[in-house]
There are 2 protein chains.
Amino acid sequence: MARVLNGADDGVLFAEDGWSLDVIGDEPAREGWAATILALSNGALGVRGAIEERAEASTFLAHAYEQAPIHYHEKLKGFATTSDSRVPVAESLGIDVRIDGEAIDFTQLRSATRRTLDLRAGMLRRETRWSFPDGRLLRIFGERIVPLDGSTLLLRRLRAEFDGEGVVTLHPRLAPAPSGATQSDDPRIGVNLASRGFETEQASDELVVERLPGSGIGVAAVQRSREEDGWLLVATGYAAGRDASQTLVADAGALAGTALTDGFEAATAAQRVLLDTFWAGADLTITGEPRLAATLRANLFHLFASAGRDGRSSAAAKGLTGEGYEGHYFWDTEAFMLPVLSVLAPDIARAMLVYRAGTLEAAFANARALDHKRGALYAWRTIEGRECSAHYPSGSAQYHINAAIAFAIGTYVDATGDEGFLAEHGVRMLVETARIWLALGDWAEGRFHLRGVTGPDEYTALIDDNWYTNRMAQKHLRLAVSAADRVAAIDPEAWGWLAAEMELGAAELAEFTRTADGMHLPYDAARGLDAQDASFLDKPRWDVAGTPASEFPLLLHYHPMTLYRHQVSKQADIVLAMVLGGEEVSAERKRRVFDHYEPITTHDSTLSASTFAILANEVGHEAQALDFFAETSLVDIDDRHGNTGHGVHMAALAGSWLALVWGFAGFRPYGPQLRFRPTRPADWQGYSFGLTWRGTLVRVEVAGDQITYSAVSGPEIVIGHHDTEIRLAAGAHWTGALGC
Amino acid sequence: MARVLNGADDGVLFAEDGWSLDVIGDEPAREGWAATILALSNGALGVRGAIEERAEASTFLAHAYEQAPIHYHEKLKGFATTSDSRVPVAESLGIDVRIDGEAIDFTQLRSATRRTLDLRAGMLRRETRWSFPDGRLLRIFGERIVPLDGSTLLLRRLRAEFDGEGVVTLHPRLAPAPSGATQSDDPRIGVNLASRGFETEQASDELVVERLPGSGIGVAAVQRSREEDGWLLVATGYAAGRDASQTLVADAGALAGTALTDGFEAATAAQRVLLDTFWAGADLTITGEPRLAATLRANLFHLFASAGRDGRSSAAAKGLTGEGYEGHYFWDTEAFMLPVLSVLAPDIARAMLVYRAGTLEAAFANARALDHKRGALYAWRTIEGRECSAHYPSGSAQYHINAAIAFAIGTYVDATGDEGFLAEHGVRMLVETARIWLALGDWAEGRFHLRGVTGPDEYTALIDDNWYTNRMAQKHLRLAVSAADRVAAIDPEAWGWLAAEMELGAAELAEFTRTADGMHLPYDAARGLDAQDASFLDKPRWDVAGTPASEFPLLLHYHPMTLYRHQVSKQADIVLAMVLGGEEVSAERKRRVFDHYEPITTHDSTLSASTFAILANEVGHEAQALDFFAETSLVDIDDRHGNTGHGVHMAALAGSWLALVWGFAGFRPYGPQLRFRPTRPADWQGYSFGLTWRGTLVRVEVAGDQITYSAVSGPEIVIGHHDTEIRLAAGAHWTGALGC
C-alpha cells in the first residue's frame, strides 16, 4: 500500500484510492476493536477479523442462538419469559503451525501484523511476522472471504514463510464453540445465559457437531483443506437449525466440499461481481474529505455484509460482527438501516421485511401478553420473534417499534414501487400493527393520547404522549389506510378475502383515520416549543455541559430513575421525529426544537448523531451538522464509544449515509417522490452518491454550487430538486444550481 | 368448648368468651391457612400451627435469612445487588410415634384434628385422632408456647392415648432446614433463592447446626425432652447469627436446658403475666358483634406476637408466620403497625424504631446508589437494611418509605412522650431522611415538586407529584425541624455536637421549612378534586365494576404497564393521605376524594380496606365503613385474599384496630394530643377499647349514644372529645354524649 490517508499508527489506515483499510498491529488492548472492523459477513455467517493463531469466539451464524428462561427476582404478569442469545459457534479460524511436526507456542513469540480489508474484493488479507527469541522469523500470510451470496461458508487460504531450519506446516482445526459470555453490568452487552451454551456431539479437527440445549438449535461445521498454488486452501461450511444432526452435517459438508473443489479464485471472482453491482449504486465521494468518504464506504460495506438476506433473518444491532446486545434485532433496523438498504440493496431490504412478516404470529402473542386483545405488537428485542426484553421501562414499553416497521414498509415501497410486497405481506403487517394504537390509546377532550410508553430516548420512560411515538403512530395509521386502499384497488377479490380474514371493515379503517387526525402532539404554547412528551418540559434540565466526561454514558453512572426525572436525552427522539415525520412542522419550530433539546442530549446512544446531523443541517447549523456527521461516520473506525469490540454499530453506520443523503443532500422519506433539497458545507468542495429509486439507478454529484443528477440505468424517473421537477431517461443527466 | 360464635365447620370457631379460636380438621387444602392463623411467635421465633406428625417448614427465626445475589437479565446502574430471604430453619415440630418401637406411617391413617389458639394463654392446644384401617384409635394431644419474652425457644408437651395393643412412645426429632421455595410467579411470595439454602454442619435428633452460605448466618437448634406429669415435655432452643457454631450451640443448649428444668407450668405462668399486661390495655369489645371483636383480638395477638422486640428486628409483612414476601420489612410496618404498637406495646414500638436507627448506614448507602449525594433513603424492602427490591418501579421508587418512618417516629413520640428516643436516635433519622426530599425534588414556578416516584398505590408508578408522597414529605420536613428544635432545647450542648456531625445548620432547617411550605399538592380545579398525582386524572378510568371476578387481583392478570396507564388503584394512596395527612383538608374535599377514587380501587392490597374504612366513616358512608372494617378484620381469619397460607397480613391486622379506633372512634395521629371524634355505626350497640397515651392507660367505652373515657392508671391526662377537653386523673372517668 503506497500511501495512506492519515498518519496515525494506532488507527485505521485507508488506501489512497479509499477502497481498502489497513490495521497495523495486534495489541490485545486494540484487538477487540480490530477484529470487529475487519469482520467479514454475509448476513448468514459472520467471522471476526482475528488472526488465526489467536482467534476465539469469532464465528457467528444468524440462525444459531440459544433460548434461555429469563430469571426475575420479582416477576410480574406479562414479563418476557425467555431470551434469545446469539452465541459464537464452533471456531472457524483455528490453526496449529508446526515446525518439523512440533506445534509452535505463539505466546512465546513477538508479532507484527498488518491486516487489510478490501471493500471491493470483500476480502480480508493478513500478514503476521512472528519473531522467535533467537531471531528467527516466521511469516504467516492469509486471505479470507465470506461469500456475499449468503452461503454459510468461510473460504480462506494460508501460507507460511520461515527463515529458520525445519519444515513449517499449517494445520487448520475446528474447535467446539466457546462458552458464552457471563453476566455483564454493561447493558449494552447484556448476554446472560442461564444455559451452559453449546453441548458438543462430535468434535474433530474437521467436524464439529454441537447443539444448544435451550433452543434445540444444532450446528454442524465441516472443514476441508487442500494445497492450491502454494497456499493451503481451507473451506469451512456451516449448517444451523433444528434439523437432525446428520442433515446438518451433510449440508455443511456439501458447502465445504464444493467450495474446496471450485477453488479460491472462483470464489473471489464471484465476490467481486456482487460487490461491483453494489458499489455501482452505492459508491460515494466527498471532495477534499477522502478519509470521511472512505469511512462511509467501510460503513456501507459492513451494513451490506451483515444484513440478513434469506427472509428469516434481519440485521442485528451489531450485525454478525460481535456478541453485543445478544445478537438481537431492534427498531433501529427499520428506522435507520432499511431506508438505506431500500435504495442501495432493495432485495436485502425486502428480505428483512419478509423476516418481520414471518414473526407476525409472535407479535400477536406479544400483544396478548401486554393485554391487547387485538392487533400485533412486535417484540422490542428478539431474534426469533418473541419478546426478549427483561426491563420493560426501556423495552416492551417502546411501542414505537410497530411504527418503525410500518415506516420501513412505507419507505421500501416508496423506493421500489414493490406493491406486490404490500399485497403479499405489507398490508396485513400494517393493519395488525396499527390496531395496537387503538387498543393502547384513549380519547380525552377530543384528542387521542398514547400513555405509559417509552420513546426511542431511553433516558425518559413510561411517559404520556411521546411526540415521536404519537407522530409515528399517526403516520402509521394513515399508511395502513392508504395501503389497504391501494391493495383493494389492485386486486379487489384477493383484498376481500384478506380483509375478511383480518375482520377488517371500512368502519375500522375510518377509525384509523379519525384516530390519526385526533392524535395529540404535545406543544408548550407558553414556550412556543414542541414537547418531547406530556411532562418532559416540566422537569429540571440536566447540566450536560457541566457533567464530568468520566460520567458518560450516563446510563453507566446513574440509576435510570435519576435520568427519568430530568430533562436529559440519550438521543432526543423529538429531533428524530422532526426528521422522520417533520413534514408538517415549520423550519422555525424545528430550529427551536433543535436549540432546546441539543444542549440536554448526551448522545450516549450511537443512534443520536446522525439524526442531529440531519436536523442541524436543515435548521442551518452547518458546523454542528459537520461535527455530528463526523461523529456518526467515525463511530466504529475511531471507536468513539469505546465498545466497537462488541460489534459494529449498524444503525450508526447506516446513519452516516443518512447524514450525507438526508442531511446535506436534503432527501426525506415522505412519499414515492424522489426529492432533494441539497446543500453543501462550505468546508467541502463537493460530494457525490448514488441510489436506486423505483428501478432507476440515480447518481447525484455536487461540485461547487452546481448539482448534477444522472439517470444511469432503468426507467425514466422524475426527480424533485427543491420544488422543481426534473424528468430523466436512462443515460440522461441534468445540471443546475445547488440552491433552490 | 361449649359454644361457638358461628356455625361454619370450615372456618374458625371462636369460644363464647371471645378469647380462643378453634380450627377443626386438617385437610391439606386448608392446612396452609390453618398453620398460619394458629402460628405462635415472639418476634424472634415463629412456629406455624402445623401438627407435629405433618409439620414441615414451620419454624422461622428473625435473624436467620439468606443473602443471595439478585440476578438480572438486564442490569442497570444502581440496581439492588443482593436480597435477604428469611427461610425456614431446622424443623422444631417433628416427631416419630412408635408402637412397640415401630414407627407409625401416618400417611396410611385417617385423621381428625382440633386445634385451639388461646389468646390469653398464648398457647396452642391440639388433639388429633388417628384412625387405623382396622378401627384402632390413636389420640395425640399437644400444647405449645413460644415465650413472649422473646426467647428463641419453643416449649411443648405431648402425650398419646391408644386403644389398641402395644406401647406407644413419642420421639421428638429435629430435622435440618428444608430447601427454600423456588421461583414463584406470584410476586406476593417472591422467594427466589440463588443459593441452595442451609448447609448442614451437624444433624441428630437433638442437635442441628446449619449455615447459610450467602449470608454466613448460622443456626443451632438444640432439643431436649423429659417426662413431666404424664406428658413428654420438649424444649427446643435456637440461636442464630454469624458467631462460631460452638457459640451458637452453647446458647441454644442453655435455652433448651433451662426451659426443660423449669418445666411447662412455669413457662405458661410467665406467658400469662405478659399477656395479661398486654390485654389490660388492648382488650376491646363490640357489643352485638362478638365474632368481629374476637377476630380483632386474634389480629392484635398476631401483631403483638410477631413484632420484633430486640432492637435488631422489626415486623415483617407476614410477621414470622410464613415465607411470604421473603420475610421482608416494608413501609407498612411504620405506617400501619407502629401506630398501633405505640399505644398498645410502646416498648416494642421503640425497639422497632431502634432497628431502623441501626440500619441508617445502609440507608445512606441506598441513597448513594440512587445518586443522592446527601441524606439517607431507607430500603423499600429489606431484612438487614440493604435494598432488596429487584423491580424499582414498584420498589426503590417508593421514596415515601422515608416519610412513613418519620411518621412513625412522630406518632411514637406523640403517644409516649419519649423525647429520649428523639435525642438518641430520632432526630438524626428525621434529618437525614428529610434531606432526601431536597435532593430528590426541584422548584418550578415557586412550587416544590417530587418527580418520578411511586406512591403506596403500586398500580401507578414513576409519576410526578404523588399527593401522598408530597404531603407526607411535607409533614416529614416539618417534623424534622420541630424535632431539631425540641432536642436543641432539651440539651443544647449535645445538640451542638450532633448538628456539627450532621453538618446541619440553621440555613438547612430553614430550607426544610421553605420546601415544606412550597410542596405542590396536585389539585384539579376544573373537577374540584385532589389528584393522586400530576397525570392520574388524565387517564382513562378502569372499569372495576365490570371486570370479571376471576381477574382480581389485577396484578396477577395484567401487565403492570396496562395498570399504570389507567385510573385504577390497588389501594388509592390519596385516600391514605387523607387519613394520615388530611388535617388541612375539608370534609367536602375528602368526600369528593372518596367518591372519585373508591370506584377505581380494587383493594387488591390488603392494606386498602382499613384506610377506606376510616375515611368512609369520616365522610359519612357508614355502610361502606362497616364493609371495609369487616374486610380488613377478617382478611386472615376468613382467608379473604386466598394467600393467608403464606403468612398473616400484619398491616391489615393492625388496620382492623385502626379502623375501629381511627375510624369509628375518630382518633387521628396529628400531634401529642389524644383526641377522639367518635361515632357509632347504627348496627352496633356499642364498642370499647383501650390504649396507653403518654403513660396513662385509657379505656374508651361507647354504649348507645354515650361515651365513657376512663383513666385506668398513670399520670393525669387531657383527652380531647371532639373539640372539648377532658382532664382525668388515674381512676377517674367521664361520661357524656357521643356526638359533638
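Including glycine, each Cβ sits where the backbone N, Cα and C put it.
Taken from TrEMBL, the feature domain 'Glycoside hydrolase family 65 N-terminal' covers B:28-181.
Over the domain 'Glycoside hydrolase family 65 central catalytic' (B:297-657), the average per-residue pLDDT in this prediction is 97. Residues or ranges marked as domain 'Glycoside hydrolase family 65 central catalytic' in TrEMBL: B:297-657.
According to TrEMBL, the substrate binding site annotation covers B:Trp331, B:Asp332, B:Lys570, B:Gln571. For B:Lys570 (substrate binding site), the same-chain residues that are 6 or more apart in sequence and have a Cβ closer than 8 Å to its Cβ are B:Asp457, B:Glu458, B:Tyr459, B:Pro553, B:Leu554, B:Leu555, B:Thr601, B:Thr602, B:His603, B:Asp604, B:Ser605, B:Ser608. B:Lys570 (substrate binding site) falls outside any helix or strand according to DSSP and counts as coil.
Look at B:Glu458 (active site, proton donor): DSSP puts it in coil. The annotation active site, proton donor is assigned in TrEMBL to B:Glu458.
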Neighbourhood of B:Gln571 (substrate binding site), C-beta criterion under 8 angstroms, separation at least six: B:Pro456, B:Asp457, B:Thr601, B:His603, B:Asp604, B:Ser605, B:Leu607, B:Ser608, B:Thr611
Cα-Cα distance, maximum over B:Trp331, B:Asp332, B:Lys570, B:Gln571, record's substrate binders, Å: 16
For the substrate site built from B:Trp331, B:Asp332, B:Lys570, B:Gln571, further residues of that chain with CB within 8 A of the site's CB center: B:Phe330, B:Ala335, B:Pro456, B:Asp457, B:Glu458, B:Asp573, B:Leu576, B:Ser605, B:Leu607, B:Ser608, B:Ala651
